[in-house]
Structure formats: C-alpha cells, structure tokens
C-alpha cells in the first residue's frame with residue numbers, strides 16, 4: 001500500500017518497508033499530546049543520577065528538570081550546584097524535592113535509585129529490597145505523570161523494568177530499561193579499537209540480559225556498511241571464535257573494571273541514558289538495544305520478561321522491535337538469557 005510522503009515507500013508499486021523491518025509490539029498506547037514544554041524527572045541523585053542529569057542539561061534536551069531523592073540535604077546541594085551553572089547552560093528550570101508531586105507532568109521519568117548490596121547479602125534478597133523500594137517510587141510517578149514514559153536504569157535493570165511495568169500499570173511501550181545500550185557502546189568501542197576505525201561507523205549489538213548471559217550478535221556486525229564476518233569468509237581470512245568470545249567477555253567485565261578502579265560507573269551510563277532521552281523526546285526514531293517486554297519475539301516464551309532487543313524509540317516510547325537476523329546459536333542463547341532472568345523473577349512472587 002502506498003503511503004504518500006513516506007520515505008519508507010520504495011519502487012513503482014510504493015512498497016511499504018516499515019512493517020517488514022519492525023514487528024509491532026502489543027498493548028500499546030498513543031504518545032502523549034505534543035507540547036512545546038519538555039520536562040524530565042530523575043529519581044535518585046547518586047553518581048549515576050547526577051551524571052544523567054548533567055548530560056541531559058548540557059545537551060539542551062529539556063525545559064524543566066526535576067530531581068527527587070530521600071536525602072534532602074544532598075538533593076538540595078545537587079540542585080544548587082546545577083543552578084549555579086546557569087550562565088554556562090541552556091536555560092532550564094531546575095528544581096528538587098523529596099515529594100513526588102514535583103514530578104507532575106513529566107514527559108520522561110528516569111529511575112536510578114536502588115538499594116546497595118550489603119556484605120554477604122544474596123542477590124535475591126537485594127532484589128527483594130529493590131522491589132520494595134520501587135513500590136514507593138513507581139506508583140507516585142504514575143500518579144503525577146500518567147502519560148509519561150518510564151526509563152529504568154537501576155540494576156538489575158531487566159527485572160526492575162518488569163517490576164516498574166507491573167507497578168505502574170502503563171502499557172508496555174511506555175516502560176523500558178537502559179538494558180544493553182551501554183554494553184553495545186562498549187562493544188562498538190572494542191571492535192573499533194581492534195580495526196582502528198571510529199566507533200560511530202561500527203554497527204553492533206549486545207542483546208539479552210544486561211549481565212553475564214548477554215548475547216553478542218556477531219552475525220550482524222558491520223563496519224562502514226560491510227558485514228564483518230561474511231567479508232572475512234569471502235576473503236578467506238581466518239579468525240578464531242575464541243577471539244570473538246574474548247571481546248564479548250571484555251564487554252561484560254568492563255563495568256567491573258571501572259568499579260574496581262574508581263568505585264562506581266557514571267559518565268558512560270550518563271551519556272547512554274541521555275541518548276535514549278534524546279531519541280524519545282525528540283522523536284528521533286533511532287534504534288537502541290533496550291530492555292523491552294520480549295515475550296513473543298525471537299521465540300521467547302514462558303512468561304512476561306524484559307530483556308534487551310534492538311528497538312525503535314520515539315515520542316511514543318518503544319515504537320517497534322527490529323527484525324534483526326539471528327543465527328540459530330544466537331537465537332538459542334537469547335532464549336537461554338530470557339530463562340535466566342525468568343528463573344530469578346519467578347522467585348519474587350509478583
């Protein structure tokens with residue numbers, strides 16, 4: 001069917017490629033009405049939350065920024081510190097409160113708050129404490145900004161994105177997690193470093209869990225539009241699978257290395273979350289590997305599970321999931337990653 005004025009129509013018959021490239025997601029809702037005033041709320045003013053806030057401000061993405069945290073003194077200090085930089089930043093109204101009413105009317109709510117692991121504490125107990133914390137964060141956000149999009153950054157991000165979805169009652173297209181967007185950036189950097197090219201010329205995705213069971217999609221990697229593995233095969237250039245696995249392992253270990261050196265990660269996740277915010281708020285329709293409701297995609301069944309898939313983002317949140325070709329091995333690893341998340345998730349009894 002021909003769609004006038006659409007760049008997705010090709011050929012004399014006006015073939016529409018949109019439906020071929022993207023699978024629609026279920027339980028969607030239309031984007032909130034367009035308005036000129038853009039507001040973002042950041043929940044949690046720790047290292048990650050402030051890196052995100054600072055990056056969003058310097059990129060001129062919002063007219064109003066609201067900060068929320070339980071620590072009133074730190075919250076006010078961070079607000080004043082940002083306000084004092086007004087002469088060097090685009091004009092933005094910055095305010096903060098321990099009261100979630102300050103988030104009212106947000107277009108995007110970014111949650112970075114999370115309980116810290118106590119020495120000797122099990123992952124499940126930490127997760128249960130985070131679920132309890134989210135039960136005090138998400139419902140007020142949904143109450144004061146019923147048309148907003150929720151972006152979850154807190155870890156474990158996939159399970160907590162599922163928790164946020166359940167607690168908010170929002171349609172699935174308006175709840176997403178930062179997922180493997182940063183992992184994929186690290187992946188692109190390492191490949192670019194090996195080939196001595198700019199990382200922006202590398203197209204490569206890490207999908208699945210934001211964690212040890214993530215999946216590197218080697219079969220679809222391209223540099224400057226050239227599919228890497230098929231090029232090597234055609235040129236009869238030998239490569240070892242172990243080398244590829246070592247690059248993927250370096251991606252998984254990179255966050256641990258940063259944490260061991262400086263105590264936490266902040267700047268990279270700040271830029272990563274800001275890139276997601278830009279795609280959503282500016283309706284960029286860019287493709288990012290983010291944590292989405294994955295049931296029904298790539299053979300993932302067995303329950304509602306959030307994990308990262310390449311998804312198109314815009315003003316309505318998640319607009320669709322990209323039909324990336326996966327090898328049988330990649331598809332199986334992705335399904336195994338989903339099972340890993342579900343096994344932990346089912347222990348929560350939600």
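Keep in mind that glycine also has a Cβ here, set from the backbone N, Cα and C atoms.
Any TrEMBL annotation is an automated prediction that lacks curation.
What TrEMBL annotates here:
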type	residues	note
ACT_SITE	210	active site, proton acceptor
BINDING	44, 45, 46, 47, 48, 49, 69, 130, 153, 154, 155	NAD(+) binding site
DOMAIN	38-177	domain 'Lactate/malate dehydrogenase N-terminal'
DOMAIN	180-344	domain 'Lactate/malate dehydrogenase C-terminal'
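TrEMBL feature annotations superimposed on the structure.
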residue: 44; record: NAD(+) binding site; Cβ within 10 Å: 25
residue: 46; record: NAD(+) binding site; Cβ within 10 Å: 17
residue: 48; record: NAD(+) binding site; Cβ within 10 Å: 25
residue: 69; record: NAD(+) binding site; Cβ within 10 Å: 22
residue: 153; record: NAD(+) binding site; Cβ within 10 Å: 28
residue: 155; record: NAD(+) binding site; Cβ within 10 Å: 20
residue: 210; record: active site, proton acceptor; Cβ within 10 Å: 31
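Cα-Cα distance from residue 44 (NAD(+) binding site) to residue 210 (active site, proton acceptor): 20 Å (rounded to the nearest whole number).
Comparing Cα positions, residue 210 (active site, proton acceptor) lies closest to 153 out of the binding-site residues 46, 48, 69, 153.
Mean pLDDT for the domain 'Lactate/malate dehydrogenase N-terminal' (38-177) in the predicted structure: 94. Taking every pair among 44, 45, 46, 47, 48, 49, 69, 130, 153, 154, 155, the residues listed as contacting NAD(+), the largest Cα to Cα separation comes to 18 Å.
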